[in-house]
Every structure is written in structure tokens, then in C-alpha cells.
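Colleague: Pasting in a structure now, in C-alpha cells, and then I'll have a few things to ask.
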Amino acid sequence: MGIKGLSQVIADNAPSAIKVNEMKAFFGRTVAIDASMCLYQFLIAVRQDGSQLQSEDGETTSHLMGMLNRTVRMFENGVKPVYVFDGKPPDMKGGELEKRSERRAEAEKALTEAKEKGDVKEAEKFERRLVKVTKQQNDEAKRLLGLMGIPVVEAPCEAEAQCAHLVKAGKVFGTVTEDMDALTFGSTVLLRHFLAPVAKKIPIKEFNLSLALEEMKLSVEEFIDLCILLGCDYCGTIRGVGPKKAVELIRQHKNIETILENIDQNKYPPPEDWPYKRARELFLNPEVTKPEEVELTWKEADVEGVIQFLCGEKNFNEERIRNALAKLKTSRKSGTQGRIDSFFGNSTKVTCVTAATKRKAEEAEKAKKGAKKGGPPKKRAK
């Protein structure tokens, strides 16, 4: 889940903290990728005929093709990836995992009903909700990345927390994930939609934690308490407190303890035995491998090893895989040259816009269209 509604809270209260960009804007950067999240995205992506990519034995292989293609695309854009895999979930996540199991049971029931009705679209929707990355798929992804020469980090606990600490230590530029709690763990930069399919033309959203804290006038500790109030994976939240109220309460009272002392708990009841202090501590001091102990080395791909795995074992088309590996080799060489060119000032200038700037431009365009139609643009209701 991450942090419920955090992206919108930042958009509303700290719009300059969000930039909209293309992948080429991150040329020369190294990024830490939440591997479980990207594997999930590859698995829920279906082909035009509505099916997943499979081997002759009927095994799903979408995760492997997705991993290969996205990795090659990153190198083609001068981006060096590091994949970080989840370890064991923290004990505090038990409640969230139970809720997910309940939602899976509900989705299974809804899927059966949709199939009985012959509702294909509804059936596809619930099938996606039932997708879960298996240990075998994780292991296969690690094997492929190893053969491709891409560094893999196995986090002792949450991948987002490990990514965040690699960012804070300066080992990588930002965290690639859809889960906003990477910011709560302290990642100074979070990149959403980084691995979205090219065909969908979804721009990358870059969230800057320092700018968000500065514009919202919050300390790191206050921001963490705000995230707990919004809703996280580790504990419940105060009933009746939505995003606007949460921001208001944190700005006024600075921390959850003082909020609890001052709010009407009959109107805004907190959870019984609310473990918000443990959640706060988990965000401040998560279980991670120390960044200085993490070695990041990119090696030449074992071409024949990849061919044996993907084509010999998983029935991929050999010509297609060799073409992808040739692109990988070429882009890694050109990427090195590109970084040298960039150092001497010959790099291509890439423009980026903040989400706020983009929104203002869209509003101005709407206003122009309204004027052309013969009347002043309508004011938005406050």
C-alpha cells in the first residue's frame, strides 16, 4: 500500500517538489529499483490478446521478458539500475498482510462471479488483483540479472527501506518504486512510473523529499508522523482524520502525542493500543544492510548463459534475445562515452517541468479555449 494519499498531499501542499520528466533526463544516474514492485508490474501487464507470456510448459515468463526489456531500455537512456529484493516482512506488517489475504479472498469470489456472468473485463480486473510474485519468479529474476551483469541487493527486510538508505548514502540517485513510503524511509528522491511501458507514454514523476519538507515546513519526524496519520502498512490510523485534517493537525501540534492530547477522541477515535511509536521507529531506523557494506558492480553480460536460460529453458526466441543483448552491450559502451561527453559540456540539454508548472499551463490553455468560444472562463469553485 505504501502511504495512503501521500502523492496527492505533496501535489496539493508542495507542488514544486514534483517534477515530470522523461527517462533520458536521468542520463548518467544510478537508480535503486524496488524489484518486487517491478516484477508485479510485469506480471499484471497482459498482451493484446489478454494473455500473459508463457513458456511451452505453460509457465508464466512475463516477468523475465519485462526485466530484460526494461533493463535494456534503462541502459539505452544512460541509466544504471540496481535491483533490490525484499527480505522478510517486519512483524508490524502482519496486520496489513492479513488484510491483503482477505482482499484476495474477496477478489477470488468476485472473479468467479464475473466468469459466470461472462464479463471478460471484470474477470481481467480481478485476475490482476490476484497476481502475486512467487519465490520462483523472484529467484528467476535474480538469476537473469546475474547473467546480465546487473547488481542485485537482497534486503534483510523492506526493499524500499534499503533503497532509501542507498540513496541517503549517495550510492544511487533515487528510488524507483510506486510505493510512496520510500520517502518516509528517507529516500531523498522517489521516481514513479519509471518502468511504465513506452506505448502508454506515462511521464516519470520525480518526488524530492527535501523540497517537500521545505515547502510544507515540516521536519523529518513531523513528516513521518503525517505519513502514519495518512495510513501506512504498519498500523491503523485515527478514524475520521483525512488527508487535509492530518496536515492541519501535524502543522498545529507537531507530533501524534500532542495531537492525541488535544483532539476530541470521541469524534476522532484512535485505534486501541495504537502502536504508532513502533511504526515511527521502524521508519526512522529500519532493518537494512549498511550502505558501505553493499558492493555495486556492473559486469559484462554472459550472453551464452542468458541464451541457455531464456531460450533453452524458457523457450524465448533466440534472435530476439540476442538482439536485446546486443543493444545492452552497445548502450553500455555509448553510455560510458556519453558520460565523458557530459563532463566536457557536450551533453544534450533535457528540459523538465514541475507538476505545478504543467498544471498552470493546462489551466491557461483551457482559459484560452474558453475565451475563443465567446465568454470568460468560469471560476473554479473553492
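Using N, Cα and C of the backbone, Cβ positions are placed for all residues, glycine too.
Copied straight from Swiss-Prot:
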- 1-104: region 'N-domain' (REGION)
- D34, D86, E158, E160: Mg(2+) 1 binding site (BINDING)
- R47, R70, E158, G231, D233: DNA binding site (BINDING)
- 122-253: region 'I-domain' (REGION)
- D179, D181, D233: Mg(2+) 2 binding site (BINDING)
- 336-344: region 'Interaction with PCNA' (REGION)
- 358-382: region 'Disordered' (REGION)
- 359-368: compositional bias 'Basic and acidic residues' (COMPBIAS)
- 369-382: compositional bias 'Basic residues' (COMPBIAS)
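Describe the structural surroundings of these features, if you would.
Modeller: The secondary structure of D86 (Mg(2+) 1 binding site), as reduced to three states from DSSP, is coil rather than helix or strand.
Under a cutoff of 8 A between CB atoms, and with a sequence separation of 6+ in the same chain, the neighbours of R70 (DNA binding site) are C38, F42, L195.
Taken as a whole, the region 'I-domain' (122-253) shows an average pLDDT of 94 in this prediction.
In the three-state DSSP scheme, D179 (Mg(2+) 2 binding site) falls into the coil class.
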Colleague: Just the number: how many Å between the Cα atoms of D181 (Mg(2+) 2 binding site) and E158 (Mg(2+) 1 binding site)?
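Modeller: About 10 Å separates the two Cα atoms.
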Colleague: For D233 (DNA binding site), list the number of other Cβ atoms lying within 10 Å of its Cβ atom.
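Modeller: D233 (DNA binding site) is surrounded by 23 other Cβ atoms within 10 Å.
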Colleague: Enter the number of other CB atoms within 10 angstroms of the CB of D181 (Mg(2+) 2 binding site).
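Modeller: For D181 (Mg(2+) 2 binding site), the 10 Å Cβ neighbour count is 22.
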Colleague: Whose Cβ lies within 8 Å of the mean position of the Cβ atoms of D34, D86, E158, E160, the Mg(2+) 1 site, other than those residues?
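Modeller: Checked against the 8 Å cutoff, the neighbours are S36, M37, V84, A155, A159, A161, Q162, C163, T177, D179, A182.
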